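> Below is the structure I would like to discuss, written out as structure tokens.
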């Protein structure tokens, strides 16, 4: 089974003034910000610890103010230690060095990009391609679902188990949880009955099974004992499945949404601002915020595939980090989208009048405020504002004059992938990328239907212990990229098909540059134009920029790793 490493920063609070992310390079000059996880040493890794954990930024680089999320989230928090994407050593696509791989925190960056927002667009495309679910990751998750479903079917043979959330829509990160809903007929929700059965069958880690019976939607939270995938189980909740269908519909209308959402989810995840249970903004709320942004955005081409992702990302951060009035304004996406006055709408809420920092009307149930539990919305707002300042500076015309702009990552200034996440994905590829991966015998009995859908098992008849990363550890490699796969939701038959497509999806199409890219991003000295305030304090953007021709936007097609002619290097 997979076991993540100990948090070396767990007993040391991060300094309040620590900068968020320093300029990242593909050399080992910046790999000393975090020490490697302890599990790597237990696994026999020959990589030595970096010489220092307090590296300073490049002396010539202008670094904006510290990310407010750093000072507000101490690493002693257990939730943060459980988050593979938060803290830890940054992983990346570096060069091989001795017995290991040198990481830089940006494994998606395999080449130099154009300058400015065109380069940011290219990098967002590569990030999406790298972070999108791989076939073996979907296969692993389906096996987790099958194991849990077998326990549920043993208790209630007529129960119906369905997947919803990011796993159903395909917009999940490598460490995202799985959302399951169980439909059946019970007088009282059988939370504790299922909790006892999951413990009995050893499907989950003993300490990870928790029953949140007092929550708005009562759920069971657990961590799969073999894969460390987190699972939330609810009962008789219809809206979750309907919301997944709604997300798919909007994704078809706005092809840019998956690119924005994956970047934003990673941005919040590594700052521990993504859990509604702790006041953060959940995936559904974040998606609706992105939809509202695109609906009310001044660009007419926001719904066509070749929109510049870099421009949209920066303007998203500008809107929700700088201009949006969280105190007075609510978000509504029905009927083309609009802003609403919170004090008027909340009087008609299902739960009565409740002060809500972030009001987002549920399009499936207008009387429901899906953002009412996000009491940490102001902290998210500050993080968005920070990202806006950082990215605006990085794509400005003067950024090309900074040292090391040929190798530094623009997107890596606000997000990065930890060593732990990269190695976790390698472990998944090694386990589920094989044709005959042994089914873990230590997770209790699995139903015959689940066993049929999973790969064949070669585990010894005397219950050989499950293999762990200590036994299966391979050198981290992020060279092969697989595009996002749409999760099969009706059955797990698609799991077997994913294996045959694993090698065919690794090639990329050629990337084309467009003229006029220098005009894509408005000068930071002038600021973003065309914003007015409504009577309710919300940001309403005018149509000044709708007239821009589509050829001003970078054509967002996939690319090969190598280009025929060298282009301008990535700016800071």
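Even glycines carry a Cβ here, placed using N, Cα and C.
For 177, 179, the entry in Swiss-Prot reads Mg(2+) binding site, with the evidence type similarity to another entry. What Swiss-Prot records for 240, 265, 283, 284, 368, 372 is ATP binding site, and it gives similarity to another entry as the kind of evidence. Here Swiss-Prot flags 25-34, 477-494, 522-553 as compositional bias 'Polar residues'. Look at Swiss-Prot and you will find 36-76, 446-464, 499-514 tagged as compositional bias 'Low complexity'. Swiss-Prot lists 89-102 with the feature compositional bias 'Gly residues'. Residues or ranges marked as SUMO2 cross-link by Swiss-Prot on the basis of a large-scale study or a structure entry: 470, 497, 512, 526. According to Swiss-Prot, the domain 'PAP-associated' annotation covers 308-368. The annotation phosphoserine is assigned in Swiss-Prot to 484 on the grounds of a large-scale study or a structure entry. Residues annotated as region 'Disordered' in Swiss-Prot: 1-105, 435-572. Under the heading motif 'Basic, involved in binding of the RNA primer', Swiss-Prot lists 557-563.
Set these features in their place in the structure for me.
Sequence-distant neighbours of residue 179 (Mg(2+) binding site) (same chain, six or more apart, CB under 8 Å from its CB) are 163, 164, 165, 166, 167, 168, 231, 232, 234, 240, listed in sequence order.
For the domain 'PAP-associated' (308-368), the model's pLDDT averages out at 89.
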> Let me check the 10 A CB neighbour count of residue 372 (ATP binding site). How many other CB atoms are there?
20
> Among the binding-site residues listed here, 177, 240, 283, 284, 368, which has the most company in the form of other Cβ atoms within 10 Å of its Cβ?
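Neighbour-count leader: 283.
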> Give me the CA-CA distance between residue 265 (ATP binding site) and residue 177 (Mg(2+) binding site), in Å, as a whole number.
13
> List the Cα distance (Å, whole number) between residue 283 (ATP binding site) and residue 177 (Mg(2+) binding site).
11
> Going by DSSP, is residue 177 (Mg(2+) binding site) part of a helix, a strand, or coil?
coil
